[in-house]
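Participant: Right, I'll just put the structure down here and ask away after.
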């Protein structure tokens, strides 16, 4: 029998259970209420969490005595990698853009791109009365137009402030990121002392399980995204898509978040139109070949890569995956989409462990056999 139901449900116990549920609901409501304020901090913490291994590498393996020097080395390395990727990608993108412009000039038959398509010009010549156009441009109509445009100008001004606010948010995230990295180990090891001693063992286990789930998910999903990106690049290259490598790696990057690769259909449509205009081939044949590549790679991912790399790390039905993405995305926005699956897996694991008294997750197996996942444990210093 489940020990949770062994004890009698006295009035005090029922009150404690209701109070715990109300507290949990209040915390979730507070997080949802403050998600806009918490989002920069959560993004910075996630970035710091991902960069911490590299900082440790530079600080301890490369013997950089100062932690700030290790952080600077990581930032410079990141900038260098992005610059190298830009050097590799930008020329091909520029070449494709120039080819598109040349193609548009060729189809227009001019050395420039006209302001309006020729069909529009013919329509205006046939259906627009110059005298009526003069009446429309009268003083009264212009004043009325200004009155209608004024609110739109306010919207434009508001959008300008929104852009400035976004830049400020990015700067705040960067500051959070630096400050968290500077004291990451102290924060990671010291926060547990803020918890009352009677609850520390459970909270410590919970934190370790969260870290284990996040590590397992990010490592596995990153490897899957890399493999899928390479497969997409090869497939698009075979069918002759413009920017095949860039498009393939882009869709692979989107694969870090499950089902986000569907967004890649949008650039596929545009590139199919480009190739159709350039070669005269049927658009649907070109687009269909791209969809075929998408379907084949998706099958390889679902039937081979995910079971081999991730194993049963997630162990969730696709409907549950979509539901968890929706819920966490609503609560935490973009960060919620990233952490949705590991946290949902953790909650399901704890539900099975403490409510159903089952051992069915990789987290539970890790508790009994820390080397089962293939991860090496460092000795205590």
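Placement of Cβ uses the backbone N, Cα and C atoms for every residue, glycine included.
As the structure is a computational prediction, the values presented were derived from the model and not from experiment.
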Participant: When you get a sec, could you say which of 191-213, 283-305 is annotated transmembrane segment by TrEMBL?
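Facilitator: Feature transmembrane segment in TrEMBL: residues 283-305.
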Participant: By Cβ distance under 8 Å, which residues at least 6 away from the ends of the transmembrane segment (70-94) in the same chain are close to it?
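Facilitator: Apart from its flanks, the transmembrane segment (70-94) reaches 51, 54-56, 58-59, 62, 64, 178, 181-182, 243, 245-246.
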Participant: In the same chain, which residue numbers or ranges, 6 or more beyond the ends of the transmembrane segment (38-58), come under 8 angstroms Cβ to Cβ?
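Facilitator: Sequence-distant neighbours of the transmembrane segment (38-58): 31, 64, 67, 69-71, 73-74, 77, 169, 172-177, 180-181, 184, 214, 218, 332-335, 338-339.
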Participant: Taking the transmembrane segment (223-250) as the reference, which of 256-274, 283-305, 325-351 gives the largest number of Cβ pairs under 8 angstroms?
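Facilitator: Looking at each of 256-274, 283-305, 325-351 in turn, the most contacts to the transmembrane segment (223-250) are made by 283-305.
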Participant: Under 8 Å between C-beta atoms and at least six residues away from its ends: which parts of the chain pack against the transmembrane segment (256-274)?
Facilitator: 96, 100, 103, 221-222, 225, 228, 232, 241-243, 247, 250, 283, 286-287, 290-291, 294, 298, 321-322, 325, 337-338, 341
